[in-house]
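Chemist: So TrEMBL lists these for the protein:
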type	residues	note
TRANSMEM	B:7-30	transmembrane segment
TRANSMEM	B:50-73	transmembrane segment
TRANSMEM	B:159-181	transmembrane segment
TRANSMEM	B:201-224	transmembrane segment
TRANSMEM	B:236-260	transmembrane segment
Amino acid sequence: MSRTKLDLWVGFFVVIGMGALLFLALKVGNLGGSNFTDTYVVMARFDNIGGLKVRAPVKSAGVVVGRVTNIGFDTSGYRAEVTFALDTRYQFPRDTIATILTSGLLGEQYLGLDPGGEAEMLKGGEVVQITQSAVVLEKLIGQFMFDKAAEAPAN
Amino acid sequence: MNGLLNVVRLLGAMVTEAIWRTGFGARFFILLLRHSGQSLTRVHLTIRELYFSGVLSLLIIVVSGLFVGMVLAMQGYETLQRYGSGDALGVLVALSLTRELGPVVAGLLFASRAGLAVTAEIGLMKTTEQLDAMDMMAVNPIARVVAPRFWGGVISMPLLAALFSAMGVFGGWLIGVVLIGVDEGAFWSQMQAAVDFRFDIMNGVVKSVVFGAAVSLIAVFEGYDCTPTAEGLSRAITRTVVTSALAILALDFVLTSLMFRGQS
């Protein structure tokens with residue numbers, strides 16, 4: 001086989017391989033769109049984070065505005081410390097409420113942000129003061145059964 | 001008593017042989033790396049090997065990727081549907097392909113399609129004393145014959161694995177969306193939400209590079225080390241396929257437990 005034809009075929013092969021990788025990155029992965037370039041990091045402490053995981057989305061009004069970057073445990077207050085990166089395009093007031101929510105009944109958990117009304121905005125490295133823990137389904141069911149048992153007429 | 005001693009002696013010989021071969025393989029690898037300069041400066045040597053190991057493997061990779069993705073979608077949908085989450089089909093197909101099946105199955109195909117051919121070629125060169133002839137002409141056979149084949153394999157393997165995963169996702173889309181009727185928007189958006197570029201796709205690429213290096217090293221080593229007879233050559237080829245398959249599966253377990261354990 002001649003040299004130029006060989007080069008042509010190998011070039012063709014490399015282009016196809018790179019194209020496949022590009023397809024994986026843009027169409028299958030989340031490189032396009034939801035990847036944030038400029039971010040600022042904020043922290044929030046929760047009593048219970050349920051099944052929240054690192055890289056879970058942070059949403060406000062249903063729009064993804066950031067991602068959870070780290071989850072730790074604060075031994076001084078025995079609470080979970082959730083660190084998350086927010087896109088710099090989105091600024092939130094300082095009295096924003098951070099809640100752990102579930103998408104769907106059994107879907108993955110995400111961090112929801114409900115903006116407050118304060119004029120001053122959250123800055124990088126600050127801590128969100130008002131938080132609401134995850135709803136633990138087992139606790140809810142336990143509570144419900146306890147209430148039902150208390151309601152039942154004694155006989 | 002004598003028979004028992006013989007068994008023990010056989011065991012000892014096997015262990016010594018295995019250790020000796022591992023050491024020889026490691027020294028061969030270092031020698032190969034030291035003589036790799038030429039295969040990078042005289043690019044056409046490597047390009048020729050890229051053609052043989054990469055371009056000629058395209059068809060089998062594309063077809064198997066497509067069918068693996070299609071089967072994955074069919075079987076996955078069956079199970080997911082039972083729990084009412086058929087929309088998550090895209091996630092299942094994409095994650096299993098980019099993390100595991102892409103690199104592993106492409107690596108196994110690559111070993112039996114390209115690795116075997118490399119062993120046969122080098123082994124036959126050795127059997128017909130072409131390697132010795134080269135040495136006599138002051139051409140280093142490792143730099144001229146072995147290194148380009150090794151680098152050709154290392155370069156083409158990640159490209160083939162990426163192609164395999166992409167074709168698999170396409171096959172999954174074909175069965176899931178076109179045939180079964182999973183919602184197309186949910187298929188892609190859930191996939192994009194779950195598959196992380198750096199975490200899932202790049203780790204898959206790292207895996208395929210490691211597998212490519214392992215398979216290529218085993219292939220060139222078995223060829224170079226074969227007993228120069230017809231029988232020795234056939235045994236070397238068999239060993240290449242068996243050792244590469246075992247190496248890929250073992251390395252995959254190690255890499256997976258390093259990359260993905262305890263995270264998500």
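Indices start at 1 and increase along the chain as displayed.
Quick reminder: no glycine exception, Cβ is built from N, Cα and C everywhere.
On this model, are these features tucked inside or out on the surface, and what's nearby?
Modeler: Note on the transmembrane segment (B:50-73): residues 89, 92-93, 96-97, 101-102, 105-106, 109-110, 113-114, 117-118, 149, 152-153, 155-156, 159-160, 163-176, 180 of its chain, located 6 or more positions outside it, place their CB under 8 angstroms from a CB of the stretch.
For the transmembrane segment (B:201-224), the residues of the chain that approach it from at least six positions outside its boundaries are 25, 28-29, 32, 98-99, 102-104, 106-107, 110-111, 114-116, 118-123, 125-126, 131, 142, 146, 149-158, 160-162, 165, 195, 236-237, 239-240, 243-244, 247-248, 251-252, 255, 259-260, judged by C-beta separation under 8 angstroms.
Only residues 6 or more beyond the boundaries of the transmembrane segment (B:236-260), in the same chain, are considered here, and those with a CB under 8 A from a CB of the stretch are 99-100, 103-104, 107-108, 111-112, 115-116, 119-120, 123, 203, 206-207, 210-211, 214-215, 218-219, 222-223, 225-227.
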Chemist: Which residues of the same chain, at least 6 past either end of the transmembrane segment (B:7-30), have a Cβ under 8 Å from a Cβ in it?
Modeler: 217, 221, 224-225
